[in-house]
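**Student:** Quick one: this structure, given as structure tokens, is what I'll be asking you about.
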Amino acid sequence: MASSAANVAPIESNGSKRRMCDGGRQKSYRFKKQKTSKPTKDGSNEEVLIEDVRVLLQKQSLEDTPAKDYTNGETEGSSTATGALPEPFSEIDLTVSELSSTGDGLAIAPDTSRVYVVPFTAPGDTVTAKVIKHFHDHPYTLTDFVKVQQPSPHRDDTLVQCPYFAKCSGCQFQMLPYSYQLEHKKTIVEKAYKNFSNLPPELIPPVEDTIGSPLQYGYRTKLTPHFDGPPGKRSDKRKGIHQAFTEVPPIGFMQKGTRRTIDIEDCPIGTDAVRMGMKWERKRVAAELSTYKRGATLLLRESTKRVPKPLQDATTNSAADESVAAKDDVILEDRGDYVDEKTCVTNSNATTTEYIDNFVFENPAGSFFQNNNSILPTFTQYIRERILPPASTATTHPKITNLIDAYSGSGLFTITLSSLFVRSLGIDISGPSIASATTNAALNNLPRDRTTFLAADAANLFASIDFPGAETVVVIDPPRKGCDESFLRQLIRFSPARVVYVSCNVHTQARDVGVLVGGMEGVDGGTGPGRGVYEIESLRGFDFFPQTGHVEGVAVLRKKAEAGGE
Ligand SMILES: C[S@@+](CC[C@H](N)C(=O)[O-])C[C@H]1O[C@@H](n2cnc3c(N)ncnc32)[C@H](O)[C@@H]1O
């Protein structure tokens, strides 16, 4: 629940040197013209931020003077940029008007058309921020958060659980009630489809409410703290000459807005096992410091051993409790009929084990696996419920019996969906992940003759398919950059009955879904609203990353009836 302005103490970001100036408008600062940056169409943070800045200024111009146009980058903000702007490292007071899709507050400085990006703030906050960098090509300025002057009704600083919050770059939202975080993440999905899909609004269905994570802290099964190398000249380091460490360096995560690592002894979004591992690894690095010449990244990955309880009465002094009696390197979780023993693995080649309901997954510790285990039962159940057509349409069309799991990793979808399909084919570019997928298929008793995995680029998938698209559903779960054109082109030609697109970057997901729904030049009659053969059945976010600005998107697409679909 948000607290009232009265009972929230202003918080100040650590280490900021305060130097007030009057709204940043009294000094004129001229800066060198920056190189024109290349147009980016990659769903990067920068691109997403630029889009949010453009839309915010456009909204403001409609409210103020409808004649202004901020859509082409050459804005009043840009011309103002060459005039009176606050000097870098000066401080400026701002009122935040909205949260960007990158998790930062956006504020328009009074009487200007320039947007200030202020991390760790909420809409309605009046804050002091330190100017870091003005951009010339786009009318926005990056700042550091310094202090809350007047808190937003949405802010509740009593919720903050980490002493490094507002300094560490890991979390953005600890001061926001969880329901507010979920609402905001729904708007991220909405804005992504509005601004990145290139589709008209009538082809985008209402985005459903974001599904929350059962654990909002203590959920991350993998963390990778790091430390920098000893000081020394860059030229020496390039020649391989490294000084020895004279003291234990900060071990932790990046300070927001810098390339500096800050010392963090504990991270409350990690699971108990990962937090335990973080303590030991810090001690180990300190003890073995003389063996390090450079900085390093430490791997902390949870692994689970599931131990059945004996059949005897668990309330008596049972042998089960002794068999898993607490050791100082194991976290025990009682799961009714069995106990989960959680340990922290630090060797990237070691095997880790994870359970989702009763499915078991093994993985090399250094390879990809979704790192919020608490939400995976709900998430995989949701995909199971949506992957096939609703019962009312299923009887009138060819039965879907085949699953293609593109970007399969170690087989999360193939394995959790296997009971719905006769044949499944998973493909991933990572050899170790495909080796794990094959092992996992066996561990979960998937019939060998019905499950195939390929270690290859996803775009090579279509050459090896010998079943019809009309009887197939394709799950796509690519990395943040999304799918490449060759993959999408072949997917449209293969023409599966349904596509379920899962992504940790809803902007590249919206871009790719826009191609499947809007059509692709030379494949299905060219582009144009609704020229593609797919339509969006549903869109929804899942909060895999509480306290942060990230959201996982699930888009379900079906082939249009006139293209032979449901
Ligand atoms: C977000 S992960 C998804 C993995 C899996 N679906 C899961 O949920 O565990 C993306 C996967 O794409 C794989 N990948 C990246 N580029 C690829 C490509 N060009 N072709 C096939 N797989 C690729 C990575 O190895 C990684 O396993």
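Heads up, the Cβ atoms here are built off N, Cα and C, so glycines get one too.
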**Student:** Do you know which of 61-86, 191-216 TrEMBL annotates as region 'Disordered'?
**Tutor:** 61-86
**Student:** Do you know which of GLN255, GLN370, GLN547 TrEMBL groups with TYR407, ASP428, ASP477 in the S-adenosyl-L-methionine site?
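**Tutor:** Answer, per TrEMBL (S-adenosyl-L-methionine site with TYR407, ASP428, ASP477), from GLN255, GLN370, GLN547: GLN370.
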**Student:** Using DSSP, how many residues of the domain 'TRAM' (89-133) fall into helix, strand and coil, respectively?
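**Tutor:** Tallied per class, the domain 'TRAM' (89-133) gives 0 helix, 23 strand, 22 coil.
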**Student:** Which chain neighbours of the S-adenosyl-L-methionine site, leaving out GLN370, TYR407, ASP428, ASP477, have a Cβ atom within 8 Å of the mean position of the site's Cβ atoms?
**Tutor:** PHE368, ASP405, SER408, GLY409, LEU412, PHE413, PRO478, VAL502
**Student:** If you draw a 10 Å sphere on the Cβ of TYR407 (S-adenosyl-L-methionine binding site), how many other Cβ atoms land inside?
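**Tutor:** Neighbour count, Cβ to Cβ under the 10 Å cut-off: 23.
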**Student:** Are there binding-site residues among TYR407, ASP428, ASP477 that sit within 10 Å of CYS504 (active site), Cα to Cα? If so, list them; otherwise say none.
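**Tutor:** Those near CYS504 (active site) - Cα within 10 Å - are ASP477, in sequence order.
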**Student:** According to DSSP, does ASP428 (S-adenosyl-L-methionine binding site) fall in a helix, a strand, or coil?
**Tutor:** strand
**Student:** If you count, for each of the binding-site residues ASP428, ASP477, the other Cβ atoms lying within 10 Å of its Cβ, which residue has the minimum?
**Tutor:** ASP477
